[in-house]
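Record features, source TrEMBL:
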ACT_SITE  Glu112  active site, nucleophile
ACT_SITE  Glu116  active site, proton donor
DOMAIN    38-247  domain 'GH16'
CARBOHYD  Asn120  N-linked glycosylation site
REGION    185-215  region 'Disordered'
TRANSMEM  12-37  transmembrane segment
Amino acid sequence: MALWNGSGGGGAFPAAAVSAVLVAAAVAALLGAGVAASKFDDVVQPSWANDHMVYDGDLLKLRLDANSGGGFVSRSKILYGKASADLKLVPGDSAGVVTAFYLSSAGDNHNEFDFEFLGNVTGEPYLVQTNLYIDGVGNREQRIDLWFDPTADFHTYAVLWNPSQVVFMVDDTPIRVYENRQNATMHGHHHRHGGNANGTTNTTSPPPFPGPQPMAVYSSIWNADDWATQGGRVKTDWSHAPFEATFREVRVDGCAWAANATDGDAGEVRRCSETSWGKEGRYWWKEKEMSELSVHQSHQLVWARAHHLVYDYCVDTDRFPVQPPECAGR
């Protein structure tokens with residue numbers, strides 16, 4: 001069974017599996033003195049530069065100009081689930097511009113799952129960078145180019161997160177999987193340089209996996225011309241401003257963290273981590289079939305990485321002379 005169901009990356013789930021924060025209305029309603037409410041209002045709110053988060057009918061745009069970028073954050077936090085966005089990226093010459101869609105917890109030892117869309121010179125392919133922070137430590141970048149023009153139409157970018165894995169998806173195609181190998185037995189696995197002098201086999205520690213920290217969903221657009229395009233060699237051309245990333249929909253489906261709970265609330269951790277049911281209904285993201293890719297999805301992942309992966313930190317020996325533990329065996 002697939003990790004996700006339905007079209008557009010959002011999934012068609014039973015009524016009992018009502019999401020933590022779903023887009024509540026498909027058509028804007030009128031409030032008070034003629035002020036229009038957006039279908040996004042139940043899901044996200046501005047996080048900075050409120051005037052650079054612009055509603056355009058049923059669309060939401062994040063705008064970057066020479067004065068500021070802008071961003072939004074989800075109104076609720078989740079512990080496990082899926083976040084997705086139907087997004088059309090900045091068209092034309094977007095060199096130096098970065099649009100991000102990501103999940104993050106709070107604090108110095110935070111976890112974070114990033115999509116970063118790196119702007120390009122007109123005619124060059126967009127690069128999509130993914131990254132994971134675990135307990136405040138990142139440096140797990142991978143980059144792909146895309147098999148379509150992400151500025152011509154909307155495409156769905158999603159992150160599925162459960163106790164078994166973190167999966168990055170583009171239009172339902174997995175492009176990256178980070179597995180939880182904490183419980184895998186590591187005994188009997190040799191280090192690259194063999195065993196001990198007495199002939200016994202060394203053991204290795206399992207790679208880190210994000211612990212149960214509640215996460216909010218964010219998006220932002222900003223000027224990153226010090227690194228984003230050709231390593232910072234190509235700068236932002238402000239004559240093309242304003243730069244706009246356009247959202248058709250944002251969905252956050254998961255175990256909703258209680259609004260009055262602290263981030264370390266043990267009761268909320270148990271409710272979202274140890275059970276299969278809660279106030280949202282059945283926790284579909286924790287079903288057995290969600291713990292690993294299906295055969296078809298595994299083939300999709302192999303295809304995406306074989307044809308579109310352009311950078312992988314796991315094989316960057318200049319940065320990592322000692323291979324990170326999660327990269328072993330790849």
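Glycine is no exception: its Cβ is also placed from the backbone N, Cα and C atoms.
This view paints the features noted in TrEMBL onto the structure.
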{"residue": "Glu112", "record": "active site, nucleophile", "Cβ neighbours (10 Å)": "18"}
{"residue": "Glu116", "record": "active site, proton donor", "Cβ neighbours (10 Å)": "19"}
{"residue": "Asn120", "record": "N-linked glycosylation site", "Cβ neighbours (10 Å)": "24"}
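Cα of the residue listed as 'N-linked glycosylation site' to Cα of the residue listed as 'active site, nucleophile': a distance of 25 Å. When pLDDT values are averaged over the domain 'GH16' (38-247), the model yields 90.
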